[in-house]
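Notes for the one structure printed next.
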Amino acid sequence: MPSNKSVSDAPIVQFTNCRILRSHRLQREDLWVREGKILNPEKLFFDEKGSADIQLDCKDSIIAPGFIDVQINGGFGVDFSLATDDFKSGIDLVSQKILSHGVTSFCPTLVTSPPSVYHQVLPQISIRNGGAHGAGILGAHLEGPFISKEKKGAHPEHCLRTFEAGAFQDLLATYGSLDCVRIVTLAPEMKRSSEVIRELTKRGICVSLGHSVANLSQAEEAVQHGATFITHLFNAMLPFHHRDPGIVGLLTSDKIPAGRRVFYGMISDGIHTNPAALRIAHRAHPKGLVLVTDAIAGMGLAPGRHTLGQQVVEIDGLNTYIAGTKTLSGSVATMDTCVRHFQEATGCSVETALEAASLHPAQLLGIEHKKGTLNYDSDADFLMLNDGLYVQATYIAGEEVWRQDELGM
């Protein structure tokens, strides 16, 4: 049957012999793509009388939405918290390299830094679509400097700040601009944090709670003012206590406004959280779990000394510490590794593991109508994976941007 070109001249690609992750389950059907979007085959057949121009045999692969990493500090020798003359080429390198790990969109993350670093780096981050050049950039994640000294983790204490009288103006002066900012991590127990949370939320910026000694009622109040995310649950916050579970208690709180969901990031690398803690969180609130790498410049490099913003860190196997201490400082895990570890540690379904790295981060950022799913009319950003959840190929806007058998990738 010839294609009806009245709607579009663009070629229609039909991916056959695959299992597609759609509506929370793997379904044995074909995937149809045109002009970077996923097509509804029924409309194509019956309204357009169209058919495929190209058929690709997926050899029984799983097809899943591309992964979205909302917390990644760098990788492959590039540190997003370092103001350098070639910052743009660094971010380009990371966005290219993470394609092989299934990441099709990400939020470059800056750890606590002096104002001069934000002023230099943020104007160099531009929100852009992904493609052969690399994963798309959804906007920056600013983790700090408005965080707790007691739970600073790998953040440099001399750069930490509190909110002064003109709290939101203070934040604006620190960052310089919010044009490309998508997420801000702050400690909700800080004085005047409520007005800051309200102002950020009003501007469509996601507020995340982390590096904090907040009790549960302070965390609940922050959510009532608009916070929707928890930065790397369990890490850099008060440990769970049965009389006051702290931020962790948000997972089962009955004070969350109706119709709202609290999401929480987890670094599923086998180091930052014990598998039992991962299981507890997942069983308590499965629909809120967002896998993040929290990867640092040393991801993809040999063990040794690397940077994380103002600090020197040491990589020893999969452990990353502030040099000379046993303070964990980000991870060197890749997103596909985190997905596999999460599935293995929790015994969850393949679908659940894949959605924690795709659908949930898209829902967190309010972009699930175009990313994080393979619904009709959404962006054709997807992965081919084998049954072991190893990435075989990565597609952005329906174009292959990485394949396993390519040499030198």
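Each Cβ is built from the backbone N, Cα and C atoms, and glycine gets one as well.
These features come from TrEMBL:
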- Asp294: active site, proton donor/acceptor (ACT_SITE)
- Glu143, His211, His232: Zn(2+) binding site (BINDING)
- Ala154, Asn235, Ala236, Arg243, His272, Leu328, Ser329, Gly330: substrate binding site (BINDING)
- 62-401: domain 'Amidohydrolase-related' (DOMAIN)
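On the structure: features taken from TrEMBL.
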| residue | record | Cβ contacts under 8 Å, 6 or more apart |
| --- | --- | --- |
| Glu143 | Zn(2+) binding site | Gln71, Thr109, Leu110, Val111, Thr112, His155, Thr185, Gly210, His211, Thr231 |
| Ala154 | substrate binding site | Val111, Leu308, Gln311, Val313, Ile322, Thr327, Leu328, Ser329, Gly330 |
| His232 | Zn(2+) binding site | Gln71, Gly210, Gly265, Met266, Ile267, His272, Val292, Asp294 |
| Asn235 | substrate binding site | Gly153, Ile267, His272, Thr273, Leu328 |
| Ala236 | substrate binding site | Lys151, Lys152, Gly153, Gly210, His211, Ser212 |
| Arg243 | substrate binding site | none |
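Between the binding-site residues His272, Ser329, Gly330, Gly330 has the most other Cβ atoms inside 10 Å of its own Cβ, all protein chains included. Residue environment of Asp294 (active site, proton donor/acceptor) contains 29 other Cβ atoms, counted within 10 Å of its Cβ in all protein chains. The 10 Å shell around the Cβ of Leu328 (substrate binding site) contains 20 further Cβ atoms across the protein chains shown. The residues near the Zn(2+) site, meaning same-chain residues not in Glu143, His211, His232 whose C-beta sits within 8 angstroms of the mean position of the site's C-beta atoms, are Gln71, Gly144, Ile147, Gly153, His155, Thr185, Ser208, Gly210, Thr231, Asn235, Ala236, Asp294, in sequence order.
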